[in-house]
Amino acid sequence: MKTYPSVLLAANRDTSIPMALAALIALVVFLIDALTPLDIAIAVLYVVVVLLVASTNNRAVTVAATWGCVALTLLGFVMSHEGGYLNGAAARCLVSLVAIGTTSVLSLRNQAAATTLQEQIQLLNLAHDAIVVHDMNDRITFWNHGAEALYGWTAQQALGQSIHQLTQTSFPVSPEDIKDELLRTNRWHGELQRVRRDGRVVAVSTRAALWRDATGTPRAVLATNNDITRRKEMEARVQRQQEELRSTIDAIPGMVWSSSGDGTLTFINRRWTDMGVTLEEGGSGADVWSAIVHPADLPQMQSAWRSAIATGASFENVSRIRTGTGAYRWMHLGAEPLRDEAGAILRWYGVNTDIEDRKQAEQALERSEAFLADTQRLSRTGSIATHFPDASMWWSDESYRIFEYSREVVPTFDAILARTHPADVATVRGAFEQAKVGAALVDVKYRLAMPDGSVKYVHYVAHLTRPQSGGTEYVGALMDITETTLAQEALARSSAELAHVTRITMLGELAASIAHEVTQPIAAVVACGGAALRWLNRPTPELDEATRSVTQIVRDAKRAGEIIQRIRAMAKKRDSVPAPVALNAIITESAELMRREFEWHAVEVQWDLDEPSPEACCDRVELQQVLINLLMNSVQAMADVSGPRKLRIATGMFDPGHALVSVRDSGTGISEDNADRMFSTFFTTKSEGMGMGLSICRSIVEAHGGRIWAESPATGGALLQFILPIDDGRCHEQ
Ligand code: ADP
C-alpha cells in the first residue's frame with residue numbers, strides 16, 4: 001500500500017535533536033545491558049537508536065549507528081556474562097542483533113526510497129511553474145520554488161497554511177463548484193486571482209488534479225499555477241486597442257469594409273449600419289452590393305470588382321450607393337488586397353467615400369465650363385491668363401480660334417505677336433510692357449493679320465490678380481470685335497450719308513427762303529447797277545453816286561456769294577472736321593438762312609447771346625445742321641398757334657467745361673410722353689415728317705461729347721437745349 005509521502009512535509013528537517021536523543025538512548029541501553037543483572041533483551045532497544053538515526057536520512061551515519069549498536073550489544077553481552085555464556089542470554093543477544101540488523105536494513109531501504117523521492121521533489125523545484133499541493137482542507141503540503149517565486153512566501157512559511165487564505169484567492173466561480181468538478185472529474189482548469197506576499201494582485205492560470213489513495217479516498221490536490229498577469233494585461237490592452245480601432249473605424253467618414261479573398265463581405269463599419277445596411281441583407285455578404293448599388297451602376301461596379309478579385313489589382317470604382325433615406329449618393333469605392341507570404345489574397349480592405357458634393361461640384365463645373373465655352377464661342381471672346389515673371393500663358397479654346405492656331409501651339413506672347421498686324425505691333429508690345437511692370441489694367445484694341453490675308457479687330461482687357469502660388473497674373477478677355485468694328489464703320493458711314501441726305505432735304509425745305517435770300521441781293525445788284533449806269537450816263541456823270549451804287553453792288557454780290565457758299569458747304573458731302581467754333585457766329589449765320597421762314601410765319605426772334613461768344617470744338621456744318629433743325633422744328637411747332645410766335649435763341653455756359661445753346665419757342669409744346677421719344681429715329685407727329693431730324697441732332701451732339709434734351713416749360717412752348725464741350729485749346733490736336 002502506497003501511503004501519502006509524508007516526506008513532502010519534511011524537506012529540510014533539523015537532525016541534531018534525533019541524533020542527540022539516539023546517543024542518549026544508546027548510552028542508557030548500554031549501561032542497563034552491561035551493568036545490571038536484568039535477564040531481558042534490553043539490547044533490542046538499540047532498534048530505537050537505529051530508527052532515530054535513520055530518521056535523519058543520512059545513510060552513512062545510519063550504517064555507522066547500526067554497527068555501533070551491534071558493537072555495544074556484543075560488548076554489553078560480554079561484560080554482563082563474563083562468568084559463563086548462558087544459552088538464554090546468548091539467544092537474547094542474538095535476537096537483539098537480528099532486530100538491529102533488520103531495522104537497519106529496512107531503514108536504509110526506506111532512506112533510499114526517500115532520497116529518490118527527494119530528488120524527484122528537487123526536479124519539481126526546477127519547474128518554472130508554481131506547484132502547490134494541498135490536502136482536502138486546503139492545507140499546503142508542498143510548495144516548490146516556482147510557488148515561492150510567484151507568491152513570495154518560502155516553503156517553510158507556506159507549509160501547513162490554507163492556500164486560499166494565504167493568497168486571498170478570488171474565484172471566477174464558487175469554490176464549491178470547483179471542488180465538485182474536481183471530485184467528479186479529478187481535474188479543474190481555470191483562472192484565479194491571488195494576492196502575493198508583497199500585496200500585488202496576480203492572475204494565475206491553474207490546472208488542478210485530485211490525488212486519491214488506494215481506497216479511492218481523495219487525499220490531496222496538486223495544482224500547477226502560471227502567472228498570467230502580463231498576458232491578461234496584454235489581453236486587456238489588445239481588447240482596448242481593438243475597441244479603439246473599432247471606434248476609429250466607425251468614426252471614419254466613409255463606409256469601411258473588408259471581405260474574404262473571394263469578395264464576400266465579412267465586415268462593415270457603423271456607417272453602413274447607420275444607412276440601414278447589415279451583412280445579413282441579401283443573405284450573404286456578396287449580395288449586399290446588389291442591394292445597395294444603383295441598378296444602373298451595378299453591372300460596371302460588379303465587373304470592376306470581379307476583375308480586381310481575379311487579378312489582385314487595387315479596386316477602384318465610382319457608383320451611386322443607396323443611403324438610409326433611400327436616396328442614392330455618388331461614392332468612390334476603393335479596396336486593397338492583403339496577401340499572405342506566398343502572395344495569395346487573404347482579405348480585401350475597402351472604403352466607400354461619399355463624393356456626392358464633389359460630383360455635384362464637378363458636374364456644376366462641367367456645366368459652367370460648357371456654358372463658358374458656348375458663351376465664348378457665341379460672344380467670340382476668348383480667355384487669356386498670363387503669369388509673370390515667367391510670362392507663361394494659358395489660352396481658352398476660343399482664344400485659339402480667334403488667333404487661328406491649332407491646340408498644339410504653345411501659347412506665348414511671341415505667338416500673339418506673330419499674328420499681330422504690323423501696324424499694331426508697337427501697341428501690343430506697349431501693353432505687354434505695362435503688364436510686365438504690374439499695371440492694374442491692360443486695355444488694348446488692335447488688329448490681327450491672319451495668314452489668309454484677312455484682318456481681325458480684337459479688344460483685349462486684362463486685370464491684375466495675385467494668385468496664392470505667387471507672382472502676378474493677368475486674367476483677361478480677348479474679344480473678336482471685327483464684325484462690330486466693321487458694322488460701326490458701316491453705321492458711321494450710313495449716318496454720315498443720312499445726315500447729308502437730311503441736310504439736302506432741309507435745304508430743299510428752305511429752297512424758297514434761300515431763293516429769296518439769294519434773289520434779294522441779286523435784285524439789289526441789278527437795281528444798283530441800273531442806278532450806277534444812270535449816274536454815269538448823265539451829261540455830267542455823278543461819279544460819287546455811281547461809286548456808292550457800285551460799292552452797294554459789290555456788297556450785295558458778296559452777300560449772295562456768301563449765301564451760296566454756305567449752301568454749297570451744307571450740300572457738300574464731307575467728313576466731320578472738328579475745329580474751334582464761335583457759337584454766337586454760327587447761330588446767327590444759321591438764323592440768317594432761316595430769315596425768310598421767320599418772316600413768312602411772323603416769328604419774332606429774340607436774341608440772348610452770351611458775350612464773349614463761347615467757343616466749342618465741333619464741326620461747323622454739322623453744328624449748323626443741328627441749329628437749323630431746331631429752328632425749323634420751332635417754326636413748324638408755332639405754325640398752328642394763333643397767338644404771338646416768339647423764338648428765343650440763347651447761348652451761355654452750362655458749367656465750366658460746357659457751352660449751352662437753347663432754343664425756346666411758343667409753339668404747341670411737348671407732351672410728357674413725347675419728351676423721351678422725340679429723339680428716337682422715325683418718331684414724328686407730322687404728316688410729312690421723317691422723324692430723323694432730332695435723332696441725327698442727338699448723334700451729332702453726342703459724337704462731339706455733348707448732350708441734347710427737351711423740356712416743356714410751364715409757360716408753354718418747347719425748350720430744346722444742347723451742350724458741347726468748350727474748346728480748351730486741344731481741339732486742333734484731335
Ligand atoms: P420731324 O421734324 O421729321 O418730325 P424731328 O426728329 O425733327 O422729325 O422731330 C420729331 C418730333 O419731335 C416732331 O414730329 C415733333 O412732334 C417733335 N418736336 C420737335 N421739335 C418740337 C418743338 N419745338 N415743339 C414741339 N414739338 C417738337
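First residue shown is number 1, and so on along the chain.
Quick reminder: no glycine exception, Cβ is built from N, Cα and C everywhere.
Note: TrEMBL annotation is automatic and uncurated.
Computed from a predicted structure; not experimentally measured.
TrEMBL annotations:
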- 21-54: transmembrane segment (TRANSMEM)
- 60-78: transmembrane segment (TRANSMEM)
- 116-162: domain 'PAS' (DOMAIN)
- 188-240: domain 'PAC' (DOMAIN)
- 315-367: domain 'PAC' (DOMAIN)
- 442-493: domain 'PAC' (DOMAIN)
- 513-728: domain 'Histidine kinase' (DOMAIN)
Segment-level pLDDT (mean, integer) for the domain 'Histidine kinase' (513-728):
88
Folded-back contacts onto the transmembrane segment (60-78), same chain, C-beta under 8 angstroms, at least six residues removed:
19, 22, 26, 29-30, 33-34, 43, 46, 49-50, 53-54, 89-90, 93, 96-97, 100-101, 104, 107-108, 111
Please work out whether the domain 'PAC' (188-240) lies in contact with the domain 'PAS' (116-162), by counting C-beta pairs under 8 angstroms that are 6 or more apart in sequence and asking whether there are at least 3.
yes
Composition by DSSP (helix, strand, coil) of residues within the domain 'PAS' (116-162):
22 helix, 12 strand, 13 coil
Structural state census, the domain 'PAC' (315-367) (DSSP three-state):
12 helix, 30 strand, 11 coil
Kindly report the helix/strand/coil residue split of the domain 'PAC' (188-240) according to DSSP, in that order.
12 helix, 30 strand, 11 coil
